[in-house]
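Everything below concerns the one structure shown next.
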Amino acid sequence: MSGLTIFSDEQPEQPLWQSRDAEEIQQQLTAIGVRFERWQADRELGENPQPDAVIAAYQHEIDRLVAEKGYQSWDVISMRPDNEQREVLREKFLSEHTHGEDEVRFFVEGAGLFCLHLNSKIYQILCEKNDLLSVPADTPHWFDMGSKPNFTAIRVFDNPEGWVARFTGDKIADSYPRLD
């Protein structure tokens, strides 16, 4: 089940607010300019689906985002617990960073933890199957896929080259709870 935990950016040991209610999560995130919606990831894709099959199954949803926001490209990221690069890839995005464009993810299966650093608070968003999250450009954040990642998500871009991580150098992410 999706979840949101809000912390002060000075007190990682004490949550200020928590919820697993999608409507409450959406209200909290909308207030800070972050899009969170529950979509239906109900297509049968089989085990270890190929990216083209995932795109084809959810083309209608992708087209909706493209029509709304003018995004120009999309792809699929899939991570499994047996991926030999899982530790390197996890570590890469566990440090606070920004992107020059929105970070849009639709979770088709599995889960991941997005942590946003806004307004002197940390917003930890547990995204699971059916969750659409759009983090605005230039928002300081980090992502934890867990020690045994198991997810498939559609990523939507303005420009894939613009999606380069710009690390802030802030070690704040080291102080907050991880996915596992």
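Counting begins at 1 with the first residue displayed.
Quick reminder: no glycine exception, Cβ is built from N, Cα and C everywhere.
The following features are taken from Swiss-Prot:
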- His97, His99, Glu103, His141: Ni(2+) binding site (BINDING)
- His97, His99, Glu103, His141: Fe(2+) binding site (BINDING)
- Glu96: site 'May play a role in metal incorporation in vivo' (SITE)
- Asp102: site 'May play a role in transmitting local conformational changes' (SITE)
- Arg105: site 'Important to generate the dianion' (SITE)
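In sequence order, Thr98, Val135, Thr139, Pro140, Trp142, Phe143, Ala165 are the same-chain residues whose CB sits within 8 A of the CB centroid of His97, His99, Glu103, His141, the residues recorded for Fe(2+) being left out.
Neighbour density around each Cβ, counted as other Cβ atoms within 10 Å, peaks among the recorded positions His97, His99, Arg105, His141 at His141. Long-range Cβ neighbours of Asp102 (site 'May play a role in transmitting local conformational changes') (same chain, at least 6 residues apart, Cβ-Cβ under 8 Å): Lys69, Ser134, Val135, Pro136, Ala137, Asp158. Distance between Cα atoms for His141 (Ni(2+) binding site) and Glu96 (site 'May play a role in metal incorporation in vivo'): 5 Å, as a whole number. Over all protein chains present, the Cβ of Glu103 (Ni(2+) binding site) has 22 other Cβ atoms lying within 10 Å. Counting Cβ atoms from all protein chains shown, Glu96 (site 'May play a role in metal incorporation in vivo') has 21 others lying within 10 Å of its own Cβ.
His99 (Ni(2+) binding site) sits 14 Å from Arg105 (site 'Important to generate the dianion'), counting Cα to Cα.
The two recorded residues Glu103 (Ni(2+) binding site) and Glu96 (site 'May play a role in metal incorporation in vivo') have their Cα atoms spaced 14 Å from each other. Secondary structure at Asp102 (site 'May play a role in transmitting local conformational changes'), taken from DSSP and collapsed to helix, strand or coil, is coil. A strand conformation is recorded for His97 (Ni(2+) binding site) in the three-state DSSP classification.
On a Cα basis, Glu96 (site 'May play a role in metal incorporation in vivo') lies 18 Å away from Arg105 (site 'Important to generate the dianion').
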